[in-house]
Every structure is written in C-alpha cells, then in structure tokens.
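Data first, discussion second: the structure below is written as structure tokens.
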Amino acid sequence: MVRITNFVPFLVGLTVNYAGFTSLMTSLLLYHEFVDGNSAVLSAGKVFCTAAGIIIGTVIYRPWLQQKLGSKPLLIWSALVCLGSSIWITRIHHTNKNSFWIYEFVPQLLYGYGINLFYQVYMLALLSQTPLHLQGNVTGIFQTVGQIGICLGTAIASSIIGALDSSNTYTKDYVQTKCVNALWFTVACFAVELVMMVFSKQTKPVAASQDENVEDQEDKSDDTCEEKV
C-alpha cells in the first residue's frame, strides 16, 4: 500500500490536519472560557464560525476543479489557507475589544473553507490511485490515522495549556500566553501539511475510466442477449 501514489504524504498530512484542528478548537474554547469569561455555550458559539466555513466550502466547491486543475494545486491552496488563517488567529488579545471580529471571525471562516477543501480533494485523489481490492483497507487506515491525529492534538494542546480549574483564578495574560502557545502548535501542524502537499504528486481523478465504461457496456449487451434468448 505504501506504493500507492501519495499514500505517505496524505497519511502524514491527514494526521497533522486532525491534530491542528483539535488543537485549535481546544485552545479557542479554553481562551473564551478563562480569558473572556464566556460560558461554555457562548464559547462553542464563537468557534462555530469554523463549522460555518466548512458549510460554505461545501456549497461553493465544484468537482470539476479537481478534474481540470488536478489535486496538488488544490491541496497546496488548502494548506496555505489553513496555515495563514491559523497564524492570523494567534493575534488574539484580551485587551482588544474587537479581538473576536478582527482575529477570529473571518480567519475561522477561511480556516473552515480550507479544511473542507482538503477533505473534498484528498479522498478522491487517494482512492482514484488505489486498486479496488485495497480501497477498504486504505479507507480504514486513514480513518484510524485521523483518530490518532485527534488524540495527538488533544494531548499536546492540553499539555501546553496545562490544567485549568474553574474554581481557581488565573490572570488573563497567563491563560492567553498558554492558549497562544498551543495555537502555534496548530500553525506548525499546517506547516508540515503544506510541506507534504508540496511534495505530493499531481493527479487528475476522473469520474469513470474508459475501462469501466467498456465493462458496463459489455455487461449491458450480455444482459440484452440473455433477455432475447
């Protein structure tokens, strides 16, 4: 399976993508709770912008882009968007009253768009280069790797931020520094993803190969002959 085109770059890219996403969500949720003093519900509402970006990305995505441009340019663009938006988010600061609107609202929308684009493109690019009898195994491996990425992101972000207890009082500067440090881990994840996508190979998946079309036509002709008999 390692010989499958882009198997290793996509494997590493998917791992750090999940890790970066989990780290970003963990950092922002804790930041809003312990720095802004928001409730858990309001904190979740503020990071919903990322989900909104994913929805927007789904609506505007067109499959013909991958067939025309190929997978590599789209994956590099996705990594650049995620990297740039995550760097933008590290500028959050509690002394700025408009910090959310300046450093989170738009960047999270862009980040969600970049995340959506990655998953739209990489899965088709991977499976189009995978033999049919291995597609189930490859899909299972990548789903498992995704869970590993989530665990890594949660563990590393939590280790950087440390244990925060709502019964204790922390200075805003202290918690902000911890959360921003964890956000820089997110930046590092997408920097690695960008490198992996740059070194990936260009592919242009098609909806159906000519061989498959020929086989379908042969099957239909066989069925027609049987009906006549």
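Cβ atoms here come from the backbone N, Cα and C positions, even for glycine.
According to TrEMBL, the compositional bias 'Acidic residues' annotation covers 212-221.
What TrEMBL lists as region 'Disordered' is 205-229.
Here TrEMBL flags 7-31 (among others) as transmembrane segment.
Among the features that TrEMBL reports, transmembrane segment is placed at 43-61 (among others).
The annotation transmembrane segment is assigned in TrEMBL to 73-90 (among others). Long-range neighbours of the transmembrane segment (73-90) within the same chain, counting only residues 6 or more positions beyond its ends whose Cβ lies under 8 Å from a Cβ of the stretch, are 13, 17, 20, 24, 28, 65-66, 103-104, 106-108, 110-111, 113-115, 117-118, 121-122, 125, 180, 183-184, 186-187, 190-191, 193-194, 197-198, 200.
What TrEMBL records for 110-128 (among others) is transmembrane segment. Long-range Cβ contacts of the transmembrane segment (110-128) within its own chain (Cβ-Cβ under 8 Å, at least 6 residues beyond either end) map to 4, 6-7, 10, 13-14, 17, 21, 24, 49-58, 61, 63, 66, 71, 74-75, 77-82, 84-86, 88-89, 135, 138-139, 142, 193, 203, 205-206.
The transmembrane segment annotation in TrEMBL covers 140-162 (among others).
TrEMBL lists 182-199 (among others) with the feature transmembrane segment. Within the chain, the transmembrane segment (182-199) has long-range Cβ neighbours (under 8 A, six or more residues past its boundaries) at 9-10, 12-13, 16-17, 19-21, 23-24, 26-28, 72, 75-76, 78-80, 82-83, 86-87, 89-90, 118, 153, 156-157, 160-161.
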